[in-house]
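Pulled from TrEMBL, these are the features on record:
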- 83-332: domain 'G-protein coupled receptors family 1 profile' (DOMAIN)
- 67-90: transmembrane segment (TRANSMEM)
- 102-124: transmembrane segment (TRANSMEM)
- 144-162: transmembrane segment (TRANSMEM)
- 182-200: transmembrane segment (TRANSMEM)
- 239-263: transmembrane segment (TRANSMEM)
- 283-301: transmembrane segment (TRANSMEM)
- 313-334: transmembrane segment (TRANSMEM)
Amino acid sequence: MLSFFLLTNCSPNTKEVERKSATYHTAQILPDLFRSAPFENSMKLINGDFPKDFILMGFTKYPWLDLPLFFVLLTSYMFTLMGNIAIILVSQLDSQLQSPMYFFLTSLSFLDLCFTTTTVPQMLFNLQGPNKNITYIGCMAQAYVFHWLGCTECVLLGIMALDRYVAVCKPLRYSVIMDHRLCLQLSSTAWLTGLANSLLQSTLTIQLPLCGNQMLDHFFCELPGLIKMSCGNTTVNEITLSVVATFLIMGPLSMILVSYSYIAQTVFRIPSAAGRLKAFNTCSSHLLVVSLFYGPGIYIYMQPSEDGSQDLIKVLTLFYCVITPMANPFIYTLRNKDVIGAMRRLLRKAISTKGI
């Protein structure tokens with residue numbers, strides 16, 4: 001009986017001693033484990049440790065392209081700035097251009113200014129020397145803003161087609177239907193839709209593990225390129241990107257095609273040849289801009305990530321994020337007598353004021 005009493009009272013202390021001994025033994029072993037390379041790599045992955053910098057590969061396989069591409073981008077960027085700023089100033093300063101069409105054209109020009117400024121300065125910096133790096137924070141910010149502005153332009157081009165439909169098919173009620181309040185609401189819808197999609201897609205993308213990969217095979221940080229860098233399962237990201245891209249590209253594109261089918265029917269019924277020509281010039285300018293923007297976007301965003309040549313994707317991306325914003329002001333001004341007339345009036349006014 002006494003032995004049983006002693007055994008039961010001593011057993012907790014024995015277990016406590018064993019537990020302390022095991023804890024001490026573990027504490028001695030853990031530092032060695034922490035110092036092992038495999039464990040360090042796994043801890044980096046678990047903690048979401050990402051590189052401080054990314055290396056933008058661009059066309060590094062063709063180093064002789066750096067200098068010509070630098071001057072092409074610099075020239076394009078200067079024309080983009082001058083052309084879009086001119087459109088904004090003319091639309092705001094000339095009283096004869098205070099219509100919904102020029103309100104949306106001003107929004108498009110401002111959007112194109114932001115769109116190119118998000119990427120081109122960084123590309124110029126990387127092309128002018130051996131440094132091809134971009135910081136991790138800068139890369140993520142660029143991805144968020146670029147995707148936001150790109151999605152916004154998709155929706156805005158669809159809204160501009162709707163505006164042209166009302167102007168051509170319902171001319172007597174145009175100013176009543178497309179009042180300033182509705183224009184602001186439609187423009188805000190485009191910007192907020194692009195922002196919501198960018199927050200969703202970009203947030204999903206930056207959570208992907210990179211496993212120390214720093215090489216981004218592109219000129220700048222774009223979501224498809226970042227998804228390809230990941231060492232984890234990207235199925236959800238690819239499906240989400242394809243589905244949302246299909247909705248944001250094909251939705252506005254369908255609205256554009258339907259609008260212009262009605263516009264074409266109305267234009268052919270206009271008795272005056274001058275009236276038909278004016279309507280055709282205005283609408284064809286918008287259709288040309290749509291083709292330049294949507295064509296590359298459909299190829300890049302609406303196909304599986306492993307399909308297609310990466311060099312071709314880079315060229316098409318440069319086309320719709322550099323060439324198209326530069327071409328837009330010239331497409332709208334060279335084919336639009338109202339804008340050309342407004343520019344002449346403003347120039348004459350500026351010259352006369354300077355002469356006085």
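Including glycine, each Cβ sits where the backbone N, Cα and C put it.
Note that TrEMBL annotation is computational and uncurated.
Only residues 6 or more beyond the boundaries of the transmembrane segment (239-263), in the same chain, are considered here, and those with a CB under 8 A from a CB of the stretch are 151, 154-155, 157-159, 161-162, 164-165, 168-169, 193, 197, 200-201, 204, 223-224, 227, 279, 283, 287, 290, 294, 297-298, 301-302, 304. Beyond the ends of the transmembrane segment (67-90), by six or more residues, the same chain brings 59, 97, 105-106, 109-110, 112-113, 116, 120-121, 123-124, 127-128, 322-323, 325-326, 328-330, 332-333, 339, 342-343, 346 to within a C-beta distance below 8 angstroms of the stretch.
This prediction places the mean pLDDT of the domain 'G-protein coupled receptors family 1 profile' (83-332) at 85. Same-chain residues lying 6 or more positions outside the transmembrane segment (313-334) and placing a CB less than 8 Å from one of its CB atoms are 58-59, 73, 76-77, 79-80, 83-84, 86-87, 105, 108-109, 112-113, 115-116, 119-120, 146, 150, 218-219, 222, 224, 285, 288-289, 292-293, 295-297, 299-300, 340, 343.
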